[in-house]
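Some notes on the structure that comes next.
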Amino acid sequence: MNPYILATLLLGLGLGTTITFASSHWLLAWMGLEMNTLAIIPLMAQHHHPRAVEATTKYFLTQATAAAMLLFASTTNAWLTGQWDIQQMTHPLPITLITLALALKIGLAPVHSWLPEVLQGLDLTTGLILSTWQKLAPFALLLQIQPVNSTILVALGLTSTLVGGWGGLNQTQLRKILAYSSIAHLGWMIIVLQFSPSLTLITLLTYLVMTLSTFLVFKLNKSTNINMLATSWAKAPALTALTPLILLSLGGLPPLTGFMPKWLILQELTKQDLAPTATIAAMSALLSLYFYLRLSYAMTLTMSPNNLTGVTPWRLQHSQLTTPLALSTSATLLLLPMTPAVVALLTL
């Protein structure tokens, strides 16, 4: 793609998200979300491949549906209450509609079906943008409206953690596994949104760092399915040793960074007398952990047949920058000791 066009599209992505962040009026927020969608569509369809075009079409249709729903709900809110302010949402009908529209935008269960299909049709770089940057603007709106009906949020969150766990079990394609992982993580964030918005934000930041590491590892190895992971020892032996730790951090095992948000969320849910919800969420994390372990097993304990194709990658120099990968991997593995500082920030 022409670098000028690429720069314009990335600027459009950044501008759309920033407009949504900065807006207090529903029409401006909607406009930011639309800019976001329109800026990423050419990036998704840049490889003129039938799968990429299909994924782009699916993405466009779901985002257009969610945007129309959001516009309809905010207009209904203005009609019922006489104002367009995001933080002055009082009527339950538009709040519920907007929550569902934003759930469709980020891919929460039960309106998640588009996400694995779309992610599977994209290359890893665009998939990374879709899994990280595109979640920020809808989350900013969810944090601002503070939906009064906590039942719908807990229901959406629990469904997402369960669907994210079950859905990824039988997958062999890495992008689909990462999509289900994304659904499960978003579920954790949504469960606790009502009770501790700052904790949701911390969880979102942790998720962004861990997902960035995982995508960059797969991009470096040029891996798109589980079988291709088995040859990664020949491309980057040190990274192959660290990757299972990154995956287990995504799964939420101590003493890795991914354990911190899950620990704090379970603690918060218990404080709110939601022990059954916390138990179901913790059990659903085991489902996700299973497919992360499967990937770890494929990478480290499965040797590829030592034929010519297995040895060849030694001779190929990769052109990817490794500094972002080094920084994000360090953050993914080593930030658990920061938990007391994070807890202190949450209680401010």
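Please read every residue number as a count from 1 along the shown chain.
Keep in mind that glycine also has a Cβ here, set from the backbone N, Cα and C atoms.
In TrEMBL, annotation is done automatically, which means it is predicted and not curated.
Cross-referencing 11-30, 151-170 with TrEMBL places the feature transmembrane segment at 151-170.
Beyond the ends of the transmembrane segment (151-170), by six or more residues, the same chain brings 96, 99-100, 103, 108-110, 112, 116, 176-177, 180-194, 274, 277, 280-281, 284-288, 290-291 to within a C-beta distance below 8 angstroms of the stretch.
With a cut-off of 8 Å between Cβ atoms, the residues of this chain six or more beyond the transmembrane segment (60-80) that come close are 26-27, 30, 33-34, 37, 41, 89, 91, 93-95, 97-98, 100-102, 104-105, 114, 118.
Of the two recorded stretches, the transmembrane segment (233-254) lies close to the transmembrane segment (325-346), with three or more CB pairs under 8 Å once pairs fewer than 6 apart in sequence are set aside.
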